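Novice: There's a structure below that I have some questions on.
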Amino acid sequence: MKNNSFSPAVFILDCLNHYEQRSFITAVLFLIYLVTLVGNVLVILAISLDHQLQTPMYFYIIILAFIDLTCSTNIIPRMLCAILYDRVVPNAACFTQLYTVHHLEVMQTFLLTFMAYDRYVAIAYPLRYASIITNKMVAASFILSNVMGFIVVIPFLVLVSDLEFCRTNVVPFCMCDYVTMVRIACVDYINYIIPSSIVCAVLLLCPLATILFSYSMIVQAVMKISKEGRKKAFSTCLTHLMVVGIFYVPLFIAYVLPSTGKTAEEYNIIVIIPCIIPPMFNPIIYSLRNKEMKNSILKKRNATIKDSSLCHKSS
């Protein structure tokens, strides 16, 4: 370790190389966050207020909505703040964000796997679905996802919190994450990255293989149903797999292959995409395209309009 190493009290986020694009990037991030916020809150309220939707499948969706809301709220407001006026992040806030980002990523890898299995059982074994997929199983999978997130991320949080910095406290990124913190520290980069790459490879490839296997089984099952049913099922599978791909592929490139000649700007884009794009589309793909969900929202809206008109008449 070099003699001039230090442990900074603050870090400086340096995530915008093209300042002439600041207004455009700010507008895009704000729009993404607004759509994410409205879509996921709508999903949570619709499921919470409609007892008919309180089934295992929708409980998985509501958990996903909470993860998406937390992930976006953990990242986008801080990014906007760094882009617009305040790039300084206290040490504790930086490490808190780092832990939250990676914990939620681990949780989502497991949750998407459980959701794929849920859909497989629903299509392949519809008569046994209620006995296989229960509320207790959903609760257990939620707890397991959280525990795995804690077990996986805490060791890396301890490692990164003990790092010494000898060159700079400027983080060339829009948020605090493990790989970036190691890159700017006074350490042998490879010794810290190889363990994280191995862990990430296992955490990403095993769930992804399970998801792909589940959907391949779903495809085999839907080949036996009517043409119209097949068309609808294939459409659903493709959209689900598209979101899964947007989540898994960038994370694999960023965390399993972090030393492949990517610039700081390219790394920024690759890591941020799975954190902010799927949360925006998940409510539409997993929920709002669903007939039961749409009917529930329309029913609530019509009831609200009716109550409002009655209030006006009575006044």
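Residue numbering: from 1, along the chain as shown.
Positions of Cβ are set from backbone N, Cα and C atoms, glycine also.
Quick paste from TrEMBL:
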- 24-47: transmembrane segment (TRANSMEM)
- 39-286: domain 'G-protein coupled receptors family 1 profile' (DOMAIN)
- 59-85: transmembrane segment (TRANSMEM)
- 138-160: transmembrane segment (TRANSMEM)
- 189-213: transmembrane segment (TRANSMEM)
- 233-257: transmembrane segment (TRANSMEM)
- 269-288: transmembrane segment (TRANSMEM)
Novice: Cβ under 8 Å to the transmembrane segment (138-160), counting only same-chain residues 6 or more beyond its ends: which ones?
Specialist: 56, 59-60, 63, 95, 98-99, 102-104, 106-107, 110-111, 114, 178, 181-182, 185, 192, 196, 199, 203
Novice: Excluding the flanking five residues on each side, which residues at least 6 beyond the ends of the transmembrane segment (233-257) place their CB within less than 8 Å of a CB in that stretch?
Specialist: 105, 108-109, 112, 116, 119, 123, 179, 196-197, 200-201, 204-205, 208, 211, 215, 218-219, 222, 225, 267, 270-271, 273-274, 277-278, 281-282, 285-286, 289
Novice: Could you tell me what the rest of the chain brings near the transmembrane segment (24-47), counting residues at least six beyond its ends with Cβ under 8 Å?
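Specialist: 16, 53-54, 58-59, 61-62, 65-66, 68-69, 72, 76-77, 79-80, 83-84, 276-277, 279-280, 282-284, 287-288, 293, 296-297, 300.
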